[in-house]
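Chemist: If you look up Swiss-Prot, you'll see 54-69 marked as compositional bias 'Low complexity'. The feature compositional bias 'Basic and acidic residues' is assigned by Swiss-Prot to 340-350. Sequence annotations record features per position, and here Swiss-Prot assigns domain 'ACB' to 83-174. Sequence annotations record features per position, and here Swiss-Prot assigns domain 'GOLD' to 384-526 based on sequence analysis. The feature N-acetylalanine is assigned by Swiss-Prot to A2. Look at Swiss-Prot and you will find S13, S20, S43, S47 tagged as phosphoserine. The phosphothreonine annotation in Swiss-Prot covers T18 and rests on a large-scale study or a structure entry. Residues or ranges marked as region 'Disordered' by Swiss-Prot: 1-71, 182-230, 335-362. The region 'Q domain' annotation in Swiss-Prot covers 241-308 and rests on experimental evidence.
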Amino acid sequence: MAAVLNAERLEVSVDGLTLSPDPEERPGAEGAPLLPPPLPPPSPPGSGRGPGASGEQPEPGEAAAGGAAEEARRLEQRWGFGLEELYGLALRFFKEKDGKAFHPTYEEKLKLVALHKQVLMGPYNPDTCPEVGFFDVLGNDRRREWAALGNMSKEDAMVEFVKLLNRCCHLFSTYVASHKIEKEEQEKKRKEEEERRRREEEERERLQKEEEKRRREEEERLRREEEERRRIEEERLRLEQQKQQIMAALNSQTAVQFQQYAAQQYPGNYEQQQILIRQLQEQHYQQYMQQLYQVQLAQQQAALQKQQEVVVAGSSLPTSSKVNATVPSNMMSVNGQAKTHTDSSEKELEPEAAEEALENGPKESLPVIAAPSMWTRPQIKDFKEKIQQDADSVITVGRGEVVTVRVPTHEEGSYLFWEFATDNYDIGFGVYFEWTDSPNTAVSVHVSESSDDDEEEEENIGCEEKAKKNANKPLLDEIVPVYRRDCHEEVYAGSHQYPGRGVYLLKFDNSYSLWRSKSVYYRVYYTR
């Protein structure tokens with residue numbers, strides 16, 4: 001504490017607070033004594049002035065404490081700050097604005113300093129406070145004002161400090177309001193920042209969950225794809241193994257004939273022979289699988305038809321049907337004559353059937369016919385140029401005609417081979433085997449009209465004559481059904497193992513074409 005005493009001004013600085021008397025109370029005024037008035041005797045505890053500017057006595061005991069708490073709540077509701085925070089604002093305003101924004105009186109400054117001491121150090125205690133000199137007027141005034149507060153609590157002192165400062169300067173309310181706005185703005189920003197962080201955290205958690213979900217879905221998709229790929233690979237290996245087994249079985253049956261055919265096509269060229277053999281084996285396998293699928297489809301259709309006809313399953317079959325049922329299923333007979341002749345009178349045909357069985361043997365004794373092998377090759381131009389050198393190997397099939405090339409089996413042969421091609425258009429082709437012992441081994445060509453003409457001729461004769469005529473015809477088995485072949489694009493070839501002695505019938509069917517004749521380049525030969 002520092003004190004300055006002169007004729008014009010008296011100032012006291014306590015803890016950063018400057019106290020100076022009002023001009024009208026300066027010691028240099030006219031008639032005023034040069035020395036300060038003597039200090040009054042100390043009043044007993046509790047007999048000092050109250051904390052208010054009007055000198056009201058404080059409320060004793062618990063009533064005073066309760067009143068201070070209630071006053072603190074009212075201040076907080078009014079100013080928007082807690083008591084501690086509001087007192088801090090008031091103290092800072094007093095230190096910053098004293099002598100600038102407002103000019104409190106000498107007594108008001110003494111009271112404000114005393115209240116600040118009461119808040120900071122508690123009630124005045126003469127035993128702990130140092131003595132003040134007799135001539136220290138301001139020190140004595142300050143101590144007297146502090147002692148007058150008595151046992152005022154810290155909260156009451158802060159309340160009185162705020163209320164007194166508000167009475168001294170009307171700018172204090174504006175100062176607090178600006179800080180309140182700033183506080184609210186900071187609180188708003190804090191809440192916005194917390195909300196932003198909360199949203200960012202939620203968004204981050206959501207993205208993490210989505211990423212985890214996508215990762216799990218991707219892992220599941222990869223797992224399913226891997227399982228599917230493994231299953232497909234296993235299926236491919238199984239089919240490949242099955243294919244190798246089937247091809248090995250088929251190749252063991254056709255090795256000799258394919259080798260002979262390749263040797264004839266490329267004599268002395270082993271590499272080309274092996275390439276051709278592999279092509280023939282692959283085509284033979286594809287043809288075998290196609291026939292196998294057709295047989296399975298036919299079996300399924302037959303089973304379905306059998307289920308549909310279960311209502312008539314109890315009807316008895318004719319004797320002729322029972323005989324025909326014993327024929328092996330892999331022998332597809334197209335001997336329509338034999339079928340027609342069984343549908344006729346049974347008594348009338350018994351002697352002829354017995355005679356046929358004595359001469360040719362029973363039908364069931366016929367050997368099983370092996371499946372044919374068929375393939376194609378693209379060298380159609382070279383093939384036709386080679387065939388044109390032999391005029392007998394080029395035949396013309398007129399429009400609506402069917403040309404049959406009869407090729408008897410050879411005593412020294414085991415397999416029959418055929419090759420054919422056309423110029424610009426396709427043609428029907430099929431192979432049949434006629435069970436007849438022909439003494440002539442020469443190849444012959446027979447031209448006939450459409451097969452419909454033969455059927456019309458058979459319809460014009462009686463049943464008895466037709467039965468006799470059909471009975472005299474030899475048995476006929478279908479080796480390759482007649483289908484239209486794209487032989488104008490590539491060479492069609494095939495082979496078949498002799499089922500026995502007989503005649504092969506190679507049919508070139510142009511009955512469907514009413515306007516064009518077809519030139520056929522063909523070649524047939526046998527191998528052992």
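From the backbone N, Cα and C atoms, a Cβ is placed for every residue, glycine too.
Bear in mind that the values here come from a model prediction, so they are computed numbers and not experimental data.
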Chemist: According to DSSP, how is the region 'Q domain' (241-308) divided among helix, strand and coil residues?
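Modeler: Its residues fall into 64 helix, 0 strand, 4 coil.
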Chemist: By DSSP, how many residues in the domain 'ACB' (83-174) are helix, how many strand, and how many coil?
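Modeler: Per-class counts: 62 helix, 2 strand, 28 coil.
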Chemist: Can you give me the average pLDDT across the domain 'GOLD' (384-526), rounded to a whole number?
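Modeler: Here the predicted model's pLDDT, averaged over the domain 'GOLD' (384-526), is 85.
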